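Peer 1: Got these off TrEMBL a minute ago, pasting:
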BINDING   A:Tyr129, A:Gln190, A:Asn213  NAD(+) binding site
BINDING   A:Ser236, A:Gln258, A:His261, A:His327, A:Asp360, A:Glu414, A:His419  substrate binding site
BINDING   A:Gln258, A:His261, A:Asp360, A:His419  Zn(2+) binding site
ACT_SITE  A:Glu326  active site, proton acceptor
ACT_SITE  A:His327  active site, proton acceptor
Number of protein chains: 2
Amino acid sequence: MQRLSTRNAGFAADFAALLDQARETTETVGPQVAAIIDDVRKRGDAAVCDYTSRFDRVSMTADRLAVTPAEIAAAKAAIAPDLMAALDLAATRIEAFHRAQMPADLVMTDAAGYRLGMRWSALDAVGLYVPGGKAAYPSSVLMNAIPAKVAGVDRIAICVPAPDGVLNPLVLAAADRAGVTEIYRVGGAQAVAALAYGTATIPAVDRIVGPGNAYVAEAKRQVFGRVGIDGIAGPSEVVVVADAANDPAHVAMDLLAQAEHDESAQSILITDDAAFADAVAAAVTEALKTLPRAAIAQASWDRHGAILLVADWSEAASLVNRLAPEHLQVMLAGPQHFFAQVRHAGAAFLGRFVPEAVGDYVAGPNHVLPTGRTARFASGLSVFDFIKRTTWVEGDAAALAAVGPAAVRLAETEGLTAHAQSIAMRLQD
Amino acid sequence: MQRLSTRNAGFAADFAALLDQARETTETVGPQVAAIIDDVRKRGDAAVCDYTSRFDRVSMTADRLAVTPAEIAAAKAAIAPDLMAALDLAATRIEAFHRAQMPADLVMTDAAGYRLGMRWSALDAVGLYVPGGKAAYPSSVLMNAIPAKVAGVDRIAICVPAPDGVLNPLVLAAADRAGVTEIYRVGGAQAVAALAYGTATIPAVDRIVGPGNAYVAEAKRQVFGRVGIDGIAGPSEVVVVADAANDPAHVAMDLLAQAEHDESAQSILITDDAAFADAVAAAVTEALKTLPRAAIAQASWDRHGAILLVADWSEAASLVNRLAPEHLQVMLAGPQHFFAQVRHAGAAFLGRFVPEAVGDYVAGPNHVLPTGRTARFASGLSVFDFIKRTTWVEGDAAALAAVGPAAVRLAETEGLTAHAQSIAMRLQD
């Protein structure tokens, strides 16, 4: 963990270095991924099964790619009722928030007599990539699938690898609760290729979302254009803005909740009080003694953690905007006042009783968020990922008479005679 | 041009072939583009100037990259007043439509006592790529820049190549009218690299939009993640749905307005009347005799044009949804009835007096639209390309008590102890 203070002469350079710090090594997997995609396009299910057998240490056949209703029912039956209730509470709250996101269509009539509009419609089919193994989180299944369901998508297909044939029952239960229509036990670039191009068993979708390893990310990049994709997910981060009125133990645990995800995760505290900073740092050290995932959290905190000491909160807001963090906790009195100065953040958690972990599970907003400073231009997953717009114009001869001559003039200037003619010949009628 | 009828036995296969027809050869320019980006990252302005000098046949220096206010003033002074008026009418109408697109923020309070919200905010800086040479269209400058301006973006930078040092004065005038803050005379992969990574003269932006050649498209693909990008633009297309009550000459000119863009463009007529189809085909042949860009339009029509004969309009709607065209003209009585059955199209033009060319210039909706069937998942350019969302949650101890235990249960199940602890320790207070 490094400590920086805006009062120090070297702050600007040190903060710039913190911003530029690469937290992941980029693997060059382009050629291998291109070969897998090409093979899946040519051989379909056979290629998908070959790669799955090899990478997941199973003996996969096409008839076993899809998870069956009986398997889902069995998975659900094995889950404790209180856990199912927790999953249902989360799903219900996520649904309510995402339903509120749905935008209205636009219809307007203008002075020239044109009726103009913008109509939203759902995608027909989407594919959700769910990482397997240690990162197979049922909460992420809810967060990916529910917005698609709320948006009105007909086909919601999940691809999730089952290393050694093992699937997390709660992942199946979450998919079922969220309204997923198909689940395939296949991962990696072969899953992305199947979703993009389709096989006999896995029909093609229109858009693929969800995080994955370097092979999945590269495969998404390569199929982009054929289908839509979401952003390339990087390691997670949190910025906690906190004054000395907070319990240092709370802040320390919030920082460690981020750090325990991944050694590449980043937790940053911004505070105006040096003694409070000391107390939080000490509390982190204490808490690390108790956590099962202490080794991961410790590595993250040592390598990427930071405490930034600021002179005032307006300085803090300016640092937040440069960091553009995935998660922002504002643990100040009147947090909305601070939040009003924030332009770039994926999701914000306002108040002393809103740890980011609440947002990971049950608050309602999505936990799939832009990482690595991409909140400068990107947004969290939402219903907007699963709908698209068609604009329209309706008008009669009088409307054309009002605006047509200007269009003819511009088309002629651009040398597009047929464009100009298509308007001019109607003006003469 | 090929003619297909849904009454023919081979229709399904022929239509599938039409859908799969590749209209562009894909150049493999990845390694060259990677080298250019790498060089611009290392050498900044010097690399940008070297590539510009070489590719645009000029002698570029860093101090001449930016177009000056004096150059813009001179360009505007040279433009005919009626042309400036046409440009202004277009800009005013595009502004009005895009202003109406701006979404409202979401704020809600739920039963647990949480206040939840979603706040839209503008990107800080965007880069617009404007193709040079024959495809330097002032209308496209308006269509790209005005949504960014309406969205509230502070820095709007244009990169436009100036082959042999020549810039289109109307492009400069359009940029000025639209509120562009910077114009750089640089194109190709070097422009994209400069916008993504920044140089001494060209500060980095957060998102890059706009069409370009294979090098520009590949460069955008490679910088994706560092900055946001829009879709990869392909050749343009129109589908005209028309009954026999239309003037065949009008329909023919609408088809040719698309075809004159590019030999790879595609124009498709869908009609229920074989005699009308004949009349349109004949009118296309006639009109081609009169057009300056006849060679291009003829090539496009010959290679990619199609007339699809359908039994009824519901069949037509189903074909439109499979084509997911960039542009859709509905030249039927009561066009909204047909449009209600359309799920996938970039932009629709409804009625006999709304040729697509009206939308290219003055209707108001954007003319930068998803091509090559990507309207299945993508949308036209809009204010949504220049804003992003931050979700937020605000709550107190009582709200946490209502939902916290479920989150603790889920976090423990996922093995994320610090997540669970960050909530549980606050529940005990």
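Quick reminder: no glycine exception, Cβ is built from N, Cα and C everywhere.
Just so you know, TrEMBL annotations are computer predictions that nobody has curated.
Computed from a predicted structure; not experimentally measured.
On this model, are these features tucked inside or out on the surface, and what's nearby?
Peer 2: Cβ environment of A:Gln190 (NAD(+) binding site): A:Ile36, A:Val40, A:Ala47, A:Val48, A:Tyr51, A:Thr52, A:Phe55 lie under 8 Å away, each six or more residues apart in the same chain.
Using a 10 Å Cβ-Cβ cutoff, A:His419 (substrate binding site) registers 30 neighbours.
Non-local neighbourhood of A:Glu326 (active site, proton acceptor): A:Ser236, A:Glu237, A:Val238, A:Ala345, A:Gly346, A:Ala347, A:Leu369, A:Pro370, A:Thr371, A:Gly372, A:Ala375, each in the same chain, at least six residues away, with C-beta under 8 Å from its C-beta. DSSP assigns A:Glu326 (active site, proton acceptor) to coil, not to a helix or a strand.
Within the same chain, residues at least six positions away from A:His327 (substrate binding site) with a Cβ under 8 Å of its Cβ are A:Ser236, A:Glu237, A:Val238, A:Val239, A:Gln258, A:Ala345, A:Gly346, A:Ala347, A:Ala348, A:Phe349, A:Glu356, A:Gly359, A:Leu369.
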Peer 1: Please state whether DSSP places A:Tyr129 (NAD(+) binding site) in a helix, a strand or coil.
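Peer 2: The residue in question, A:Tyr129 (NAD(+) binding site), is strand (DSSP, three-state).
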Peer 1: Cα distance, A:Asn213 (NAD(+) binding site) to A:Asp360 (substrate binding site), nearest Å?
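Peer 2: Taking the Cα atoms only, A:Asp360 (substrate binding site) lies 20 Å from A:Asn213 (NAD(+) binding site).
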Peer 1: Applying a 10 Å Cβ distance cut-off over all chains shown, what neighbour count does A:His261 (substrate binding site) have?
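Peer 2: A count of 22.
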Peer 1: List, in sequence order, those binding-site residues among A:His261, A:Glu414, A:His419 whose Cα sits within 10 Å of the Cα of A:Asn213 (NAD(+) binding site).
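Peer 2: Near A:Asn213 (NAD(+) binding site), where near means Cα within 10 Å, there are no binding-site residues at all.
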Peer 1: Other residues with Cβ within 8 Å of the Cβ centroid of A:Tyr129, A:Gln190, A:Asn213 at the NAD(+) site?
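Peer 2: Here the nearby residues are A:Pro131, A:Cys159, A:Pro161, A:Gly187, A:Gly188, A:Ala189, A:Ala191, A:Val192, A:Gly212, A:Tyr215, A:Val216, A:Ala219.
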Peer 1: With every protein chain in view, what's the tally of Cβ atoms within 10 Å of the Cβ of A:Asp360 (substrate binding site), excluding that atom itself?
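Peer 2: 27, counting other Cβ atoms within 10 Å of A:Asp360 (substrate binding site).
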Peer 1: Quick one: of the binding-site residues A:His261, A:Glu414, A:His419, which has its CA closest to the CA of A:Tyr129 (NAD(+) binding site)?
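Peer 2: For A:Tyr129 (NAD(+) binding site), the spatially nearest of the binding-site residues is A:His261.
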Peer 1: Which of these recorded positions, A:Tyr129, A:Gln190, A:Asn213, A:Glu326, A:Asp360, A:Glu414, are close to chain B by Cβ (under 8 Å)?
Peer 2: A:Asp360, A:Glu414
